[in-house]
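Asks: Okay, handing you the structure first.
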Amino acid sequence: MTAAGDGKPRRIVVAITGATGAVYGVRLVQILGAAPGVEAHLLISAAGVMNLQHELDISKAEVEAFAHVVHNVRDIGATIASGSFAAHAMVVAPCSMRTLAAVAHGLSDNLITRAADVTLKERRKLVLMVRETPLNLAHLRNMTAVTEMGGIIFPPVPGFYQPGFYQKPQSVAELVDHTVGRVLDLIDVPQTLAPSWAGLNGQA
Ligand SMILES: Cc1cc2nc3c(=O)[nH]c(=O)nc-3n(C[C@H](O)[C@H](O)[C@H](O)COP(=O)(O)O)c2cc1C
């Protein structure tokens, strides 16, 4: 069985850029790499690699091991640089303000921003887990521009309730998983990390 249900693997592109929150990208590619019927493509910017080491003490190679296909950010001739390569969706997790700005202005200056540009032009799902605070007007305008083009702006803002769980979040890992679960919902990958809201009294 495949995630798409048509016999073909569902290709999901994950890009990790240099905003804080590398854990979101790592967790996402870890889950997608093990998800039935999913072909997980991964690319990490130079600043993303720095943050992986700085925040999580893990190497680029360790993260790449979760993915089915790994791309070099400078390889602008890669499959995912073309709309003819049938990818289902792309998630930038986390997404820096630099990458957001490049996507908002159609600057395909590396493989991440080119693949995002392709995702938008092919009218596929693009989810940007933008992370900065506070936000200046350029950030806000760039988020508006991406939204107007059909992209989904998904800041990784934790919810301090957890639908479907009997106790409140106990760890950062649980908060991260809940957010990642909501992203998986958006890109049509079945998940159990973030159960749907059953009402305050736990009744559907
Ligand atoms: C430790 C660290 C944390 C950073 N956090 C953020 C952040 O949360 N948001 C952001 O937009 N940029 C952040 N930056 C800056 C970006 O990494 C920088 O703008 C970089 O050029 C982004 O390049 P990229 O989009 O190609 O990954 C951070 C940089 C470092 C070194």
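Residue 1 is the first one shown; counting continues down the chain.
Every residue gets a Cβ built from N, Cα and C, even glycine.
Pulled these features from TrEMBL for this protein:
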| type | residues | note |
| --- | --- | --- |
| BINDING | G18, A19, T20, S45, S96, M97, R98, T99, R131 | FMN binding site |
| BINDING | Y166, R182 | dimethylallyl phosphate binding site |
| DOMAIN | 11-186 | domain 'Flavoprotein' |
Asks: Compute the C-alpha separation of S96 (FMN binding site) from R182 (dimethylallyl phosphate binding site), stating it in Å without decimals.
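Replies: Cα to Cα, S96 (FMN binding site) and R182 (dimethylallyl phosphate binding site) are separated by 20 Å.
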Asks: If I take the alpha carbons of R131 (FMN binding site) and R182 (dimethylallyl phosphate binding site), what is the distance between them in whole Å?
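Replies: Taking the Cα atoms only, R131 (FMN binding site) lies 16 Å from R182 (dimethylallyl phosphate binding site).
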Asks: Among all the protein chains here, how many other CB atoms are within 10 A of the CB of S96 (FMN binding site)?
Replies: 24
Asks: Roughly how wide, in whole Å, is the group G18, A19, T20, S45, S96, M97, R98, T99, R131 that binds FMN, by largest Cα to Cα distance?
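Replies: Value for the max Cα separation, rounded to a whole number: 15 Å.
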Asks: Between C-alpha atoms, which of these binding-site residues comes nearest to R182 (dimethylallyl phosphate binding site): G18, T20, R98?
Replies: T20
Asks: With an 8 Å cut-off on Cβ distance to the G18, A19, T20, S45, S96, M97, R98, T99, R131 Cβ center, who else from the chain surrounds the FMN site?
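Replies: Here the nearby residues are T17, A47, G48, P94, C95, L100, E132.
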Asks: Can you name the residues of this chain that are 6 or more positions from T20 (FMN binding site) yet have a C-beta less than 8 Å from its C-beta?
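Replies: In sequence order, the residues whose Cβ lies under 8 Å from that of T20 (FMN binding site) (at least 6 apart) are N51, E55, P94, R131.
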Asks: What is the total of other Cβ atoms whose distance to the Cβ of R98 (FMN binding site) is within 10 Å?
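Replies: So the Cβ neighbour count for R98 (FMN binding site) comes to 16.
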Asks: Which one is it: of the binding-site residues G18, R131, R182, which Cβ has the fewest other Cβ atoms within 10 Å in this structure?
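Replies: Sparsest of the binding-site residues G18, R131, R182 by Cβ contacts within 10 Å: R182.
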